[in-house]
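Feature list (source: Swiss-Prot):
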- 18-164: domain 'Thioredoxin' (DOMAIN)
- Cys60-Cys94: disulfide bond (DISULFID)
- Cys60: active site, cysteine sulfenic acid (-SOH) intermediate (ACT_SITE)
Amino acid sequence: MSNVTFKNDPVTLLGAEKKVGDSAPDFTVLANDLSKKHLSDYKGKVKVISVVPSIDTGVCSEQTRRFNQEATNLENVQILTISMDLPFAQKRWCAANGIDRVDTLSDHREADFGQKYGVIIEELRLLSRAVFVVDENDKITYVEYLSEVSNHPDYEAVLSHLNK
């Protein structure tokens, strides 16, 4: 990803940028109960990986709520929201917002996901907003790195891709 900004200030992304056709690297993150979760735990399903800087901000909150709403119409699709938030904060936020169709996962401990998918904002140690779709065979079929972290992803493009 070349030029990325956060509130119009340039930032540096660390890690390996992913492209359509790449194998999706397995990663280790934490679930809300502090158990380890891996991409491989979702084998056999299409995965939408919705990456947000912090679940407690406006755009991130709207993004997660939107994907939770859309999940009711998606067969054999698992939506994962990954951020650097602590699992406790994610659990509290999900309960307060009625989020029950999205798995919220934390990359705060090792930044393993962020490094492998090229979304760590070096200056902030947050994840840059992005969306990845990974098929049943763990191939990346859709990628959107947002050039301005505070913008919304293209929800319609993601949904159109899933409904092909």
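Backbone N, Cα and C define each Cβ position, glycine as well.
Residue counts for the domain 'Thioredoxin' (18-164) by DSSP state, with H, G and I taken as helix and E and B as strand, are 45 helix, 42 strand, 60 coil. With the fewest other C-beta atoms within 10 Å around its C-beta, Cys94 stands out among the disulfide-bonded residues Cys60, Cys94.
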